[in-house]
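Chemist: If you look up TrEMBL, you'll see Cys183 marked as active site, glycyl thioester intermediate. The ATP binding site annotation in TrEMBL covers 19-24, Asp58, 66-69, Lys82, 127-132. Summarising the annotation, TrEMBL assigns Zn(2+) binding site to Cys168, Cys171, Cys444, Cys447. Here TrEMBL flags 4-427 as domain 'THIF-type NAD/FAD binding fold'. If you look up TrEMBL, you'll see 336-381 marked as domain 'Ubiquitin-activating enzyme SCCH'. The annotation domain 'Ubiquitin/SUMO-activating enzyme ubiquitin-like' is assigned in TrEMBL to 454-546. Marked as region 'Disordered' by TrEMBL: 566-644.
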Amino acid sequence: MASQEQLSAIKRAKVLMVGAGGIGCELLKTLALSGFQDIHIDIEHCSSVEAIVELVIDMDTIEVSNLNRQFLFRQSHVGQSKAKVARDAVLRFRPNISITPYHANVKESSFNVDFFKEFDVVLNGLDNLDARRHVNRLCLAADIPLVESGTTGFLGQVTVHLKGKTECYECQPKPVPKTYPVCTITSTPSKFVHCIVWAKDLLFAKLFGDKNQENDLNVRSSDTANSSEHSEDVFECRKDEDIERYGRRIYDHVFGHNIEVALSNEETWKNRNKPRPIYSKDVLPEEQTKENGNEEKGCAADDVSAMVSLSLKNPQDIWSLVENSRVFLEALSLFFLKREKDIGNLTFDKDDQLAVEFVTAAANIRASSFGIPLHSLFEAKGIAGNIVHAVATTNAIIAGLIVIEAIKVLQKDNNNYRMTYCLEHPSRKLLLMPVEPYEPNRSCYVCSETPLLLEVNTQRSKLWDFVEKIIKAKLGMNFPLIMQGASILYEVGEDLEEDMVAIYAANLEKALSELPSPVTSGSVLTVEDLQQEFSCSINIKHREEFDEEKEPDGMLLSGWVEAPVDKDNNKPIGNDESTSNDLPSVETLEGEKDDEIQETSEVVETFAGKKRKLSEVSEVTAPDPSGPSSINQNKPKKLDIDDEDDELIISDDWESLTKKKKL
């Protein structure tokens, strides 16, 4: 039963909840029931219910795939605002709560620092790194406590962030989305994920996306070398060419001719298995007719499906090469016959059934060519959509933990804040592992204002590269202002004069060393985001060459000061990780090569649930490896979940995400 103090804290609270997805639905329900449950026990406290004000921000609309775990939503709600439907659902059983929904992006200018200052605590249920960074910086600027959370499958975590007292969300570097060298994707794939990336980001984009965008897909025509009349883009549908013949021509080009071109480079295949060119006539004879009849069925554009047309019912079946070839040609045909108006503007969407079918078939045909095991549509969708399927129970557990920490924050119970990890398998008979939050990382460029270092070729790299690859992609700024001394090199804003907009646009096309205030080795740039009220300094170091595969951006950003080393154990100490060796840990699921979900089987009892301050870490004696409480010294990195609702960055090894592996 809640204490009077807790009830009073709830009564006075004004809460901002960001996200109304898997965690958000559970969290909104738990917030409501936490207040009402206590009040129902003692009817005299009903007035406290009316004082609760919750505001929900979410820009998403409800999709069919949400319904199995986001229980506030029903089939009839598909297409409607998550925030508004969630509000209405909760008000049906707790009508005295005041809930204000915002169907909007939290990064919009109206949700600024002043807006955040109106609240007592912010609760995050977001599904992407960029938005999390944004909310973290606004909470720091507004000096408002943030309770962060995430789940993936059976794993979850809840963390508390208070300015100056605990780590901020960005005190530890977050894994970045996995990227693959272009040559691996286009020429030498060795894993199914490489085929998925090729099918989704290159082939699908080339056929159905913006025709003007640059694309690394090999588009050389087999006739180009011999005749100028065939020098046109092979992906353009020719005049009077029917869709089936066009589809076969595309099929033969990407799975046949391009493979033969790749095989002509014998050096590439000295130490690799050679791929096999595949032509449509060898898989599907010309006289074979399609078995669909989609035109007769007259299905709506939004409902078209190659699987339905071809009577393929189970998405977990692994299709044969013939079936994949039929799905490929049928899906391509359906796009042109039923969704022609969309062609040229399409991007891959995991909830677009026809797009998933096309990408699955294309990836499987390419995988067959390179001797890579084929996958089902269900598995391919998981990889293409970066999905690790959510578990409703985990969301419910995490939502409960968020509310527990929120109540502590409202009571200012600083000594009892906890980061809590939810494990898939018991560790020392525990599925929930609470640990005291770590202190702020004094080398954090966000909350400690530590300068960053950028190695870049200042003579070749343009300001545009710096803005897109560093400022936006890595630092997560939305409205950057870039200065060198008193000179403004670039600025974004609605109130800029037209001549200044033109000047800044021209600067984007200039090399760093050619800017009006040249950026060279030794320069110090100040970068600000006025909306986030966040700024940092970047020291520039000129570097001539970069490894195209390991450093594809052509520049390298660093700034995490190496932690002091424990001489006795010859390993870093302090804030190189936000959890200490006494924690159960799970290898990060994002961006690392050959990642697997792993968990340690043992935890040091002595330190479980306790924090080691920076000054104390070096004094802790490492446990005796021969003792019963020893930890595997090659422990995986901390659990760092970036998502709560199906979305995850692609892992190199999809199979590993569906299997547990104990250390």
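Any Cβ shown, glycine's included, is placed from N, Cα and C.
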Chemist: Could you give me three numbers for the domain 'Ubiquitin/SUMO-activating enzyme ubiquitin-like' (454-546), the DSSP helix, strand and coil residue counts?
Modeler: 24 helix, 30 strand, 39 coil
Chemist: Mean pLDDT over the domain 'THIF-type NAD/FAD binding fold' (4-427): what is the value?
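Modeler: Value for the domain 'THIF-type NAD/FAD binding fold' (4-427), mean pLDDT as a whole number: 81.
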Chemist: Drop a 10 Å sphere on every Cβ of the binding-site residues Asp127, Asp130 and tell me which sphere holds the fewest other Cβ atoms.
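Modeler: Ranked by other Cβ atoms within 10 Å, the binding-site residues Asp127, Asp130 bottom out at Asp130.
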Chemist: Quick one: give me the count of other CB atoms within 10 A of the CB of Gly19 (ATP binding site).
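Modeler: I count 30 other Cβ atoms within 10 Å of it.
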Chemist: DSSP on the domain 'Ubiquitin-activating enzyme SCCH' (336-381): how many residues come out helix, how many strand, how many coil?
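Modeler: Counting residues by DSSP class gives 28 helix, 0 strand, 18 coil.
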Chemist: Excluding near sequence neighbours, so keeping only residues 6 or more apart in the same chain, what lies with its CB under 8 A of the residue listed as 'active site, glycyl thioester intermediate'?
Modeler: Glu549
Chemist: Setting Cys168, Cys171, Cys444, Cys447 aside, what same-chain residues sit with their Cβ within 8 Å of the center of the Cβ atoms that define the Zn(2+) site, listed in sequence order?
Modeler: Leu140, Glu167, Tyr169, Glu170, Pro440, Asn441, Val446, Ser448
Chemist: If you measure Asp130 (ATP binding site) to Cys171 (Zn(2+) binding site) at Cα, how many Å is it?
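Modeler: Spelling it out, the Cα of Asp130 (ATP binding site) and the Cα of Cys171 (Zn(2+) binding site) are 15 Å apart.
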Chemist: Taking the Cβ of Cys171 (Zn(2+) binding site) as centre, how many other Cβ atoms lie within 10 Å?
Modeler: 23
Chemist: Using C-alpha atoms only, work out the spacing between Asn68 (ATP binding site) and Cys168 (Zn(2+) binding site) and round it to an integer in Å.
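Modeler: A Cα-Cα distance of 33 Å.
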Chemist: Using a Cβ cut-off under 8 Å and a sequence separation of 6 or more, which residues in the same chain sit near Cys168 (Zn(2+) binding site)?
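Modeler: Cys168 (Zn(2+) binding site) has long-range Cβ partners Asn136, Leu140, His161, Pro440, Cys444, Val446, Cys447.
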Chemist: How big is the Cα-to-Cα gap, in Å, between Asp127 (ATP binding site) and Cys171 (Zn(2+) binding site)?
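Modeler: Distance between the two Cα atoms comes out at 19 Å.
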Chemist: I'm trying to understand the geometry here, so how far is the Cα atom of Gly22 (ATP binding site) from the Cα atom of Cys171 (Zn(2+) binding site), in Å to the nearest whole number?
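Modeler: On Cα coordinates alone, these residues lie 26 Å apart.
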Chemist: Is it possible to get the count of other C-beta atoms within 10 angstroms of the C-beta of Cys447 (Zn(2+) binding site)?
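Modeler: Excluding its own Cβ, the number within 10 Å is 22.
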Chemist: Cα distance, Gly19 (ATP binding site) to Cys171 (Zn(2+) binding site), nearest Å?
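Modeler: Here the two Cα atoms are 22 Å apart.
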Chemist: Tell me, if you would, which residue among Gly22, Cys444 (binding-site residues) has the fewest other CB atoms within 10 Å in the structure shown?
Modeler: Cys444
